[in-house]
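Under the heading compositional bias 'Basic and acidic residues', Swiss-Prot lists 158-175. Feature annotation from Swiss-Prot assigns domain 'PpiC' to 127-219. The region 'Disordered' feature in Swiss-Prot is assigned to 158-178. Residues annotated as signal peptide in Swiss-Prot: 1-19.
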Amino acid sequence: MKRIAMLAAACVIAVPAFAQNVATVNGKPITQKSLDEFVKLVVSQGATDSPQLREQIKQEMINRQVFVQAAEKDGVAKQADVQTEIELARQGILVRALMADYLQKHPVTDAQVKAEYEKIKKEQAGKMEYKVRHILVEDEKTANDLLAQVKSNKSKFDDLAKKNSKDPGSAERGGDLGWAPATNYVQPFAEAVTKLKKGQLVDKPVQTQFGWHVIQVDDTRPVEFPAMDQVRPQLEEMLRQQTLANYQKQLREQAKIQ
């Protein structure tokens with residue numbers, strides 16, 4: 001019911017005077033057309049059209065009309081802050097409708113998706129990702145002590161990370177951060193990672209804003225770019241946002257803004 005109530009607040013539907021009414025509230029009609037449109041809206045959100053749903057929506061529309069009439073009678077509707085909210089809601093509805101209409105008239109094409117895919121794939125070509133583990137501590141001395149222990153016996157890394165690392169996310173996994181490109185990490189952590197080869201350990205602890213790190217690269221591999229179908233939804237959404245951004249820029253350039 002709450003979900004339907006929220007939709008009702010945003011649902012403004014103009015109907016002809018001759019439309020068939022499903023109810024009246026103090027002479028104010030609730031038309032069959034407005035009910036049908038409201039049902040269509042709710043069904044588009046995942047509900048199933050049924051007599052029970054239609055009755056529920058009708059009762060909610062009646063409740064809304066009762067409250068609206070009370071607000072108008074008591075003068076609430078004329079309050080400045082209420083008028084501001086109404087205007088903002090109206091603007092929001094118009095903006096969303098305009099964007100939807102523009103995207104319908106300017107849909108993302110397969111050619112655009114393919115071009116964007118190839119562009120990103122080319123940008124990622126030759127890039128590496130790293131399987132990294134680290135031990136994070138608060139001071140340099142502790143980091144140096146731990147680094148010395150690992151250098152003497154790399155098999156100790158797992159236990160030392162579990163016992164000493166301040167990174168709760170990786171400590172329980174022996175410091176393992178999993179596979180990721182170096183760009184996922186802060187500098188100078190990322191810089192240290194890219195300088196290490198498979199199985200190598202840093203020569204000295206690395207300091208970041210989080211503390212001091214003992215870093216080891218367990219493995220490296222080229223970034224495996226996903227097939228286009230796997231990322232198509234994300235590419236389409238990105239292109240839609242670009243389309244809207246360009247449309248907004250165009251409208252602003254045409255507008256007289258002072």
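Residue positions begin at 1 at the first shown residue.
Backbone N, Cα and C define each Cβ position, glycine as well.
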- prompt: Can you count helix, strand and coil residues in the compositional bias 'Basic and acidic residues' (158-175) using DSSP?
  reply: 11 helix, 0 strand, 7 coil
Field: Segment confidence, the domain 'PpiC' (127-219), expressed as mean pLDDT
entry: 96
